[in-house]
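Working notes, structure below.
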Amino acid sequence: MNTKGATSSGGNDGNPSDSASPPPSKKNSKRPKYSRFTQQELPACKPILTPGWVITAFTVVGILFIPIGLVCLFASERVVEIVYQYEADCVPADYSNNVLAYIQSSDTNKTCTRTLTVPKYMKNPVFIYYQLDNFYQNHRRYVKSRSDTQLRSKAGEREIKNCPPEGTTKSGDPIVPCGLIAWSLFNDTYGFSLENEVLNVSKKNIAWKSDQEHKFGSDVYPKNFQSGGLIGGAKLNSSIPLSEQEDLIVWMRTAALPTFRKLYGKIEKELQANENITVVIQNNYNTYSFGGGKKLVLSTTGWIGGKNDFLGIAYLTVGGLCLFLAISFILVYVVKPRPLGDPSYLSWNRNPSGHLN
Amino acid sequence: MSGWDRVRSSRSRLGRNSSGYGRAPSRTVTLGRVQPQAPGHRTIYCNDREANLPVRFKGNSISTTKYNFFTFLPKGLFEQFRRVANLYFLMISILSTTPISPVHPVTNVVPLSLVLFVSLVKEAFEDWKRFQNDMTINNNIIDVLQDQKWEAVSWKKLQVGDIVRVKHDGVFPADLIFLASTNPDGVCYIETSNLDGETNLKIRKALERTWDYLTPEKASEFKGEVQCEQPNNSLYTFTGNLIVQKQTLPLTPNQILLRGCSLRNTEYIVGAVVFTGHETKVMMNAMNVPSKRSTLERKLDKLILALFGTLFVMCLIGAIGSGVFINRKYFYLGLGESVENQFNPNNRFLVATLTMFTLITLYSTIIPISLYVSIEMIKFIQSTQFINKDLHMYHAETNTPALARTSNLNEELGQVEYIFSDKTGTLTRNLMEFFKCSIGGEVYGTGITEIERGLAERDGIKIQEASKSANAVHDKGFNFDDVRLMRGSWRNEPNPDTCKEFFRCLAICHTVLPEGDESPEKVTYQAASPDEAALVTAAKNFGFFFYRRTPTMIYVRESHVENMGKIQDVSYEILNVLEFNSTRKRQSVVCRYPDGRLVLYCKGADTVIFERLADGNTDIKKVTREHLEEFGSAGLRTLCLAYRDLSPEVYESWNEKFIQAKSSLRDREKKLDEVAELIENNLNLIGATAIEDKLQEGVPTCIETLSRAGIKIWVLTGDKMETAINIAYACNLINNGMKQFIISSETNAIREVEDRGDQVEIARFIKEEVKRELNKCLKEAQHHLHTVSGPKLALVIDGKCLMYALDPSLRVILLNLSLNCSSVVCCRVSPLQKAQVTSLVKKGARKITLSIGDGANDVSMIQAAHVGVGISGLEGMQAVMASDFAIAQFRFLTDLLLVHGRWSYLRICKVVTYFFYKNLTFTLTQFWFTFRTGFSGQRFYDDWFQSLYNVIFTALPVIIVGLFDKDVSASLSKKYPELYKEGMRNVFFKWKVVAIWAFFSVYQSLVFFYFVTTSSSNGHNSDGKIFGLWDVSTMAFTCVVVTVNLRLLMICNSITRWHYISVGGSILAWFLFIFVYSIIKTPKTENVYFVIYVLMSTFYFYLTLLLVPIVALLCDFVYQGVQRWFFPYDYQIVQEIHRHELDDRSRTDLLEVGNQLTPEEARSYAIAQLPREISKHTGFAFDSPGYESFFASQLGIYAPHKAWDVARRASMRTKPNLPKKN
């Protein structure tokens, strides 16, 4: 019925003089030394997930998350964003059945002028992004097709191990920057004007500082770039060191998903609501072969960054869900209470036949 | 031990059902298997090292280490790579050096090397300990004859042929041929407890020819040549010849002293070394303990297999996707004509195949590489630090702590459902104590047995320990206190004459030999059974001191007989001894008083004595019978004492018949029995004795607790049925409220057939009989089971019946029957049968079994069971050496199973499921990413993230849980033994549990991947800059590490500061790592350069870090809340009941609570105690010579000498010149 027999001689908490017969001389005694660790008596807190705790936790999360969600959503709402998808729009009607011929020919006129209306006041700076869809910058073959050593310093020029097929020219000279990523550099360009007044697009400070300073050398100049038969994308001015080629730096920071935005530049002028901006797009980049989309995005930023409702909505949903759960737990608690620590819930008390011995 | 194998082979020779046994205990029999004899023999030239040199006998040093300095690395690595998981990772590592791999080799090599390193360190440590152990043994000192002098050298320097001297209490360093002894007739006494656990002394006798070689001078003249068998492992056989001076003398086991035995009662002996080191019989017997794996681990293998399956499916999906995806239209991928095979759109099948391999390396983290090593470490610490050092399992009297000899089986202890226990030495102390008696209808003796105390406590009565009177005598075998009898005060009792007869009967009617000084304090009694010794000791303490025996006389120093304090020596002439055997169940002595009175004293079982009593005196008979029942239900072993006065005429006429019978050549035993019948009647009842077969401390309570835990306990013993039943009563395994099925071979029908002697007929008949009995019992058992409140069932079966019941055709019935019984007692079983019964349940019922025993006869059972427990602290080591755990007392099983076992089980379950969860979650995020990368197998995480995930960022906390988690405290575990049932049902590691974890893994990984990527798509600070792949993956990885570590806290039942430190430390380790890693400029790739600083400069980072873990854990939290509230586990209720109590500090207080019964319990207990209409148990039990010689004599096996033989011999030797009177 009890545990007396089992515990009586073991002794309590390490008092060495409690056992019936005196322990053999200290030296020979194999009596284990008492420590809280070996006796597994380390002080511990023993949390019990009572309904009270569950309800409290849900309520706290709910109360915490809903305001955060509101703040995020509010911040996101304040961001003004103009998105213009142009890959189909900017193909002349007579080429619409043969877009590849249009984009691959060097003779066709790639210029495409459109007018965008500013929906709301846009505080400066206004960021210009291009967004590509269905472009697998995270493809394994693509991601590794670069040479960080080469990009960083002139000395590493010949480090092109991962770069093929864009490693060398036909004559065997190394291409700088080598690899598929650089080769496929995005080459659509955008020009903006407001009421016939050209808006300056600043390309300064669009790449991460760390990339610019550490990954791309100031003594590395493009060499043999886009000199092969097949042109993948933009060409680079071979008189500007890579560290200054911010378009390239932005492009080289490969995106995580096949749909991605990249910073193109910024307009250091605020735009008023209902103003019409004229955009001149040089539609050079071939996304047509693989059915990719191209979008031009003008956006302001807030502390949260660009327009992003996801976080706000997620916070709100989770917060709401938690409050809902808290309420349902309270209801269930009222409808079907279970007294805490009721021995009748012990399995052997529920079917008493197996109990007595 | 070789005997067991002979049991097997002899049975198969009889052509009976041996095939059925062959399979079941195959593992266990390795112990007893006699190895095939190497052809030829060895010739040893004693005392002549040069002559022995050419043969190159092995030295006497032993080594039990696995490795040496040079073989350690290759052999150790080989051992490691025999594990599938390690081999798998080796292959993955190799694969990851090829261009196929999306990950740097470091990803897989680092964890693998860490795991291997830890495992090898552990191996080295263990081997070092073995080495040190060997060194201590090898450096023991022994006297060797060199240049006519005894030189002390270390054991390892001993060589075959050396002459050695072993002193009193010394241990034989090698197998020796016994040459000479200081004892006059060339005998010596040895104790073989190291070999077989038997503590009684055995005699070895040297060949007469060599008796003289005792002094160094003489011994150096000895030039014998020994021709003997090659080394083998049969302990009880030896054949060889000693050739001395062209005289060939046969050597028998009687001249062999085996390594490991020790010399007793002999000043010193001289012997010649025949087998050394690993060639000694004991070392040849040293078996590699078959490594047992726990059931849980085997289930874990299945889980790993399932993971491999999942891995395959995931890779297959990815591979098919890659084949479909690859297309020239993605010009930016540069898939020109010269593209490598992996991306060549012209051969999509090849693309898919190669991607398959790519993905296998990418998803390799799904197999938790560090799982095995973590579990190993956890179990190692559990066994060395917790089990070995538990003060509750330390036995102060024998100075023995518990010992976990393997760390493989800790969690198996938490799932045991059947315990097979040996009796002697395990349940009982093999110590008989005279406890109570009934003389002339009056009960004497104030003691309370353990079982009575238990009963009373359940009735709620607190028993006051009767304070022992100050002058109470406590002698070995005597634990009796009653002032009415002690110190001669029996003379004032109403019936002093009966008392006198009682004491004389005790002092005269026995076959005990006194040894040592003839003073009451110093004398020791040599008896065939401890019962007899206890009775004689009792007589001594009552003032009838039996101090000398000659073949015809018994001398008793009687005090207080005539006057108080007067002492007189009385000699009784012993005319006849009618010995005890199991059919007679009684023993008589005819003696003649000095005054010529002729008396027959008889003691025996109540049944046989009562039917031979003279008429009249019904009152005393009735009262005595009541007393016997009382004693019996208190768990005492009873004997009835009676006497009969004989007239010389009656005696003389009877004695003639007796002498005739004694000298008859045919059926002597039977005739003697018949003659005995003639005189053993018309007896006068004197009274009854009650001997306590002293149980080990706390056994009934322990058994009670264990059976409440749902564990069924079977007693397997070599003892007789009566003894076994008696002990079962004493241990509370059987009580009068139970329906008992007794299947015995001691029935008249069987005996009749046996007397006819036709072996085939006997076998057939017994088999039929057993089958009939089994079917009958089973039918009845099922009937009882269908009634609601039927009695509990108990099965008692003896070895001979068991032999037939274990026959394949009957085995199922036996199993069905025994599984329905709440206790089973098997008596008269051989060691092999113990193993068979164990494996019957282990394999037949697929339940987890535990065997516990202390002697060599339990070894096979210990090895056959899932868990073997040896009783340590006594002399015998054989059982301990074969066991997985060694404890000093049976009662420590409560702690071992209910506390350590249960905790280990819980912890390992948690560790395993958590490992499964964390790796699956991590890998699944990769898997989801694969879908968004055109199935190219691009890695989501940086190489170092992936390689350190398992070994740094999530390694420690789970180990802490494996060590410290406890749902309820130790005292509560024992207070609510029912909690143990959760382990038996394997509640915490069912496929359902795994499925739930898997579900949460999928959910969480989806949350990680989609929440992080979706929220990262736009610019993230006011600079409008955009994150790239490595920023997103670092964010996701941070979320995974934080969540997975927090999830761990959610599975903890108790959170110590180590939990906080390890969980906090792991998360901190990740941040420290990434802070440093982000600013290191690695020469090759710098994907992650500065990433964390960029991330941490945005609000996005903090918002996501708050959101994602909470969302991920929300689902688990809801699940846990609902589960606890609506479907609580038992342990959760117990936690709630005791939620306000402090931890273990108040253990003693809790004990008091444990004594109180709920009204319901009290009532049902009362019902159980109601008398039932079955004859009550009276507790007759008496040990006749032990089971071993019983079996041996049955099967014609050479059995070592028993104590009685020793005693008889000794008496012959010391008093050889007494004139014979008969």
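Cβ from N, Cα, C; glycine included.
Annotation comment: TrEMBL describes B:1-27 as region 'Disordered'.
Taken together, the residues in the domain 'P-type ATPase N-terminal' (B:44-108) have a mean pLDDT of 83 on the 0 to 100 scale. Annotation comment: TrEMBL describes B:44-108 as domain 'P-type ATPase N-terminal'.
Taken from TrEMBL, the feature domain 'P-type ATPase A' applies to B:141-201. For the domain 'P-type ATPase A' (B:141-201), the DSSP-based tally of helix, strand and coil residues reads 7 helix, 31 strand, 23 coil.
Sequence annotations record features per position, and here TrEMBL assigns transmembrane segment to B:303-326 (among others). Residues 84-85, 335, 343-345, 348-349, 351-353, 355-356, 359-360, 363, 366-367, 912, 916, 920, 923, 927, 930-931, 934-937, 994 of the same chain lie 6 or more positions beyond the ends of the transmembrane segment (B:303-326) yet place their CB under 8 Å from a CB of it.
Below 8 angstroms of C-beta separation, residues 83, 85-86, 88-89, 92, 95-96, 100-103, 107-108, 111-112, 114-115, 118-119, 304, 307-308, 310-311, 314-316, 318-320, 322-323, 326, 341-343, 911-912, 915-916, 918-920, 922-923, 926-927, 930, 935-937, 939, 946, 949-951, 955 of the same chain, each at least six residues beyond the ends of the transmembrane segment (B:349-373), sit close to that stretch. The transmembrane segment annotation in TrEMBL covers B:349-373 (among others).
For B:T424 (Mg(2+) binding site), other Cβ atoms within 10 Å of its Cβ number 23. What TrEMBL lists as Mg(2+) binding site is B:D422, B:T424, B:D854, B:D858.
Here TrEMBL flags B:D422 as active site, 4-aspartylphosphate intermediate. Non-local neighbourhood of B:D422 (Mg(2+) binding site): B:V715, B:L716, B:T717, B:K834, B:I852, B:G853, B:D854, B:G855, B:N857, B:D858, B:M861, each in the same chain, at least six residues away, with C-beta under 8 Å from its C-beta.
The annotation ATP binding site is assigned in TrEMBL to B:D422, B:K423, B:T424, B:E532, B:F580, B:K603, B:R637, B:T717, B:G718, B:D719, B:R828, B:K834, B:N857, B:D858. The Cβ neighbour count for B:R828 (ATP binding site), using a 10 Å radius over every protein chain in view, is 26.
Summarising the annotation, TrEMBL assigns domain 'P-type ATPase C-terminal' to B:880-1128.
Residues annotated as transmembrane segment in TrEMBL: B:911-929 (among others).
Tertiary neighbourhood of the transmembrane segment (B:944-964): same-chain residues 103, 106-111, 114-115, 365, 368-370, 374-375, 377-378, 381-382, 907-908, 910-911, 914-915, 918-919, 922, 1033-1034, 1037, 1040-1041, 1044-1045, 1048, 1051-1052, 1054, 1056, 1058-1059, 1062-1063, 1065-1067, 1069-1070, 1073, 1077, selected by CB-CB distance under 8 Å and a gap of 6+ residues from either end. Look at TrEMBL and you will find B:944-964 (among others) tagged as transmembrane segment.
Residues 303, 306, 909, 913, 916-917, 920-925, 927-929, 987, 1032, 1035-1036, 1039-1040, 1043, 1104, 1107-1108, 1111-1113, 1115-1116, 1119 of the same chain lie 6+ residues outside the transmembrane segment (B:993-1012) yet bring a C-beta within less than 8 angstroms of a C-beta in it. Residues annotated as transmembrane segment in TrEMBL: B:993-1012 (among others).
Sequence annotations record features per position, and here TrEMBL assigns transmembrane segment to B:1027-1046 (among others).
What TrEMBL lists as transmembrane segment is B:1058-1080 (among others).
If you look up TrEMBL, you'll see B:1100-1119 (among others) marked as transmembrane segment.
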The domain 'P-type ATPase N-terminal' (B:44-108) - residue tally per DSSP class, helix then strand then coil: 32 helix, 2 strand, 31 coil
Contact call for the domain 'P-type ATPase A' (B:141-201) against the domain 'P-type ATPase C-terminal' (B:880-1128), three or more Cβ pairs under 8 Å: no
B:T424 (Mg(2+) binding site) and B:F580 (ATP binding site), distance between Cα atoms, whole Å: 21
Fewest-neighbour residue among binding-site residues, criterion Cβ within 10 Å, set B:R637, B:N857, B:D858: B:R637
Winner by Cβ contact number (other Cβ atoms within 10 Å) across the binding-site residues B:F580, B:G718, B:D854: B:D854
Spatial separation of B:T424 (Mg(2+) binding site) from B:R637 (ATP binding site) - C-alpha basis, Å: 15
B:T424 (Mg(2+) binding site) and B:R828 (ATP binding site), distance between Cα atoms, whole Å: 12
C-alpha spacing of B:G718 (ATP binding site) relative to B:T424 (Mg(2+) binding site), in angstrom: 9
Collapsed DSSP category at B:D422 (Mg(2+) binding site): coil
